[in-house]
C-alpha cells in the first residue's frame, strides 16, 4: 500500500510538472476549444442561476433555492480551480506549477469538492423534509436553519481540505517531479513522495472515500423515503412534479459521486481511466448543474421569464 523511495533527500522539489490528459497531438486544438467552451458555459450558466435566485423574491428566501444558489457558486469556483490549468495542457505554455501553487490547488479542490459533497446531502435532506414532512417543513427547514447548515458544510469542507493538503505536502519530495494527472490531486502527488505514504493513503481512504460513500448512502436513503411518499400521492400531476424536482438532483448526484467513489476507494490505483473518470465530476458536473436545474425546474424557468419580462418592460419605458 505505502512505499519508500531511496532517492537522496539532498534534492528538493520546488515545482511540479502536470502531464495532463493523454491525447493525440492532432486533437490538441479541438480539445482546447472544447474545454474552453465548457468553462465559459459553466461560468455563464451558474452565474445565471445565482443571479436569478438572488434577484427573484420568490426564490431567494426558500431553502431549496438558497442551496441551489450556493451550489452554483461552488461550481463556478471549482471549475475555475480545475479547468484553466487543464486548458493549458493543450497549449505550448509551460506545464510547470510551483510547489505552493500545487498545494493551493489540492487544498481548494478538496475544500470545494467536499463542501459540494455535503451540500448535495443537505439538498436531499431538504427534499425529504419538504415531501415527507410537509407540515413540519417550515419549522424544520427555514432560512435561518438553512444558512447555519450551509455554513457548517463550508466549515467541514475547509477542515477537510486543510487536513488533506497538510498531510500530503508535509512529506518530502526529492524527485521526479512529473505529476501524471491534469491537476495536483492526492493519489498522483503521493506517488512522487520520497517517504512512506501508508498513513496518507489510509487517511485518504477514510476521510474521502468513506465520507463520500456515507453521504451518498444518506442521499439514497432520503430518496428511498421520498419515492415511497411520492407513490402515495393520488394525483398523477402531483407525482410528476415531485419526481421531476427529485430527478434533477439524483441525476447530478450520480454523475458526481460515482466517479468520486471510483477513484478514491481504489487507493494506489494507476488506471489510465482515472483521468477520464475525474473529468466527469470536475468538469462535466459543474456544466450539467445549471442545465439540469434550469430545464427541469419550472419555478426557475418562470423566474427567468419574469426577470426577462421586467427588463423588457424597463427598456420600453425608457
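Cβ coordinates are placed from backbone N, Cα and C, and glycine is handled just like the others.
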146-163, 164-181, 182-199 - the one TrEMBL records as transmembrane segment: 146-163
Which range of 277-295, 296-314 is transmembrane segment, per TrEMBL: 277-295
Per TrEMBL record, range annotated transmembrane segment [choices 88-106, 107-125]: 107-125
